[in-house]
Amino acid sequence: MQTSPLVRQLELSLGHYLPSVLGAVLILVIGIVAALFVRGLIRSGMTRMRINERVNAETASRIDIVRVAAAVGFWFVIILALIGVFSVLRVDGLYGPFSALVTEIMLYLPRILLAAALALVAWLVATVLRAGVNRLMAAGRWDEKLSASAGVRPLSAVLGDVVYWLVLLLFLPAIVGALRVEGLMLPLSEMTLQVTTMLPNIFAAVIIGVVGWLVAKVLRGLATNLLAASGVDRYSQRDGLAGGVRLSQLGGTVVFILVIVPTLIAALDALAIRAISDPASDMLGMFLTAIPNILAAALILAVAWYLGRFVTGLLTRLLESLGVDRIPEHLGLGHLFEPTPAAATPAPVDQALAAADPVAAAGMPEPGPPLVDPQGAPMRTAGSSGLSALVGRIALFFILLFATVEAAHRLGFIGVRDLLATFIAFGADVLLGAVILVVGYWLADLAARAIQRANPGHAIGLSRIARVAILGLVIAMGLRAMGIADDIVNLAFGLVLGAVAIAVALAFGLGGREAAGRVTDRWAREYLERRERGDRLP
């Protein structure tokens, strides 16, 4: 059978291209199978290594690294298969670009593999070092001690993370250098150089801070125990310090601050970061300079407090023995100082002596029955509301006020010192004015009683006038001594005296009009008689 030329030409073409097409199909099938195998191999290997869990745990992200790596391997094999297909089919228009792409990938592949190897080594080293730090901290139980004292997350985890990321940072320039990314390599190299330059300073600062903190903690415990053993806590319990504060704990805290502050200064100097260390060092230096003044001010206030209580108790008992508590009753002010009968309790003087000398306190007599005066009335104690107790409290107030002025001067609080000094001067004037008012009230009452005794039953009005006049004069003198509105007091006193003078003049002019007329008539007659006699007029 004879075939047509078209069929013969078709058979010739198919016979020429059929092996190439079959080879291309075979290459494509093999490439797809190989790509699937590579993707499965990559996914299986990375899943067993738990790459996703590790990366997501370190970076706190949700990226599926396994899927991305498997996809990259799959398409890389597919591209290689396509290049083979295009080469067999002699499709030069597609073979050339794909071949160039694969050539670039193959040239860059060693760099990628080197960078991946460096990243793997960095990760292994960082992981091993972090595990070593964690085990070291756990073995010495530093984690529990430091975390419990500072109240923060476990310190081993913090130090482990710092070491981990520091190792990765040190490997990062080498990884970027393996990839030949010049634009990123130079900044990373400079940053790494600066970090490595600062590492010794940071390490020294950390060592200084940790050692100083440990020493400060030990000294705080020693100071607290020594003060507690010496019995200073009984003063805080006796004086009723707010919040249950114990003097032993307060002293331990002061010692801790005195140790930790120089430690912080040394740590900041070790960092050699002038922008931070210089201001902080200056600030802490000023604080250290102020510590002696603060301690001196606290000592002044403490001594003034205990000395003031001692003097208050002594003065109160002395005034009680002199009968000062009966003065308000003689002045008619007994209702202001109601008697407060109470059992005799140890005075502050006895308490202070007992605290200073327990042996002598053991021989002190027991408190007796309530004290009474010669008339049988119960006497007030140091804690009562009598006049002697009031004088004692005022004395304690001014003792503490003087101590506060000196403490403010020690601390350099000039404004507070001047304000308190002004208040002390004003308080002295007020006390002087109060004494004048009390004495004047007593004199007014004494004068009124004397007038009533001189003419019983007929001098009530005159005694009241005398009382009011004396009280008015005394009030003016008291306000003048207090320095309260001097001009107003002077004006009011002048107006009162002027009103009295005018009242006297009017009373004389209206009430003694006839007598005044006779007197003026006599003066007129004498004048006229002298004029008639020619006597020389004066």
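Think of each number as a place in line: the chain as shown, counted from 1.
Every residue, even glycine, has its Cβ placed from backbone N, Cα and C.
All annotation found in TrEMBL is predicted automatically rather than curated by experts.
TrEMBL has this to say about the protein:
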type	residues	note
TRANSMEM	20-42	transmembrane segment
TRANSMEM	63-88	transmembrane segment
TRANSMEM	108-133	transmembrane segment
TRANSMEM	154-178	transmembrane segment
TRANSMEM	198-216	transmembrane segment
TRANSMEM	254-277	transmembrane segment
TRANSMEM	283-307	transmembrane segment
TRANSMEM	387-408	transmembrane segment
TRANSMEM	420-444	transmembrane segment
TRANSMEM	465-485	transmembrane segment
TRANSMEM	491-512	transmembrane segment
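Beyond its flanks by at least six residues, the transmembrane segment (154-178) meets 111, 114-115, 118-119, 121-123, 125-127, 129-131, 133-134, 137-138, 142-143, 146-147, 184-185, 188-189, 192, 195-196 of its own chain at Cβ-Cβ distances under 8 Å.
Residues of the same chain lying 6 or more positions beyond the ends of the transmembrane segment (465-485) and with a Cβ under 8 Å from any Cβ of it are 426, 429-430, 432-434, 436-437, 439-441, 443-445, 447-448, 451, 492-493, 496. Taking Cβ pairs closer than 8 Å, the transmembrane segment (108-133) reaches residues 156, 159-161, 163-165, 167-168, 170-172, 174-176, 178-180 in its own chain, all 6 or more past its ends.
Sequence-remote contacts of a segment are chain residues at least 6 beyond its ends whose Cβ falls under 8 Å from one of its Cβ atoms, and for the transmembrane segment (420-444) they are 330-331, 333, 394, 398, 401-402, 404-405, 408, 466-467, 470-471, 473-475, 477-484.
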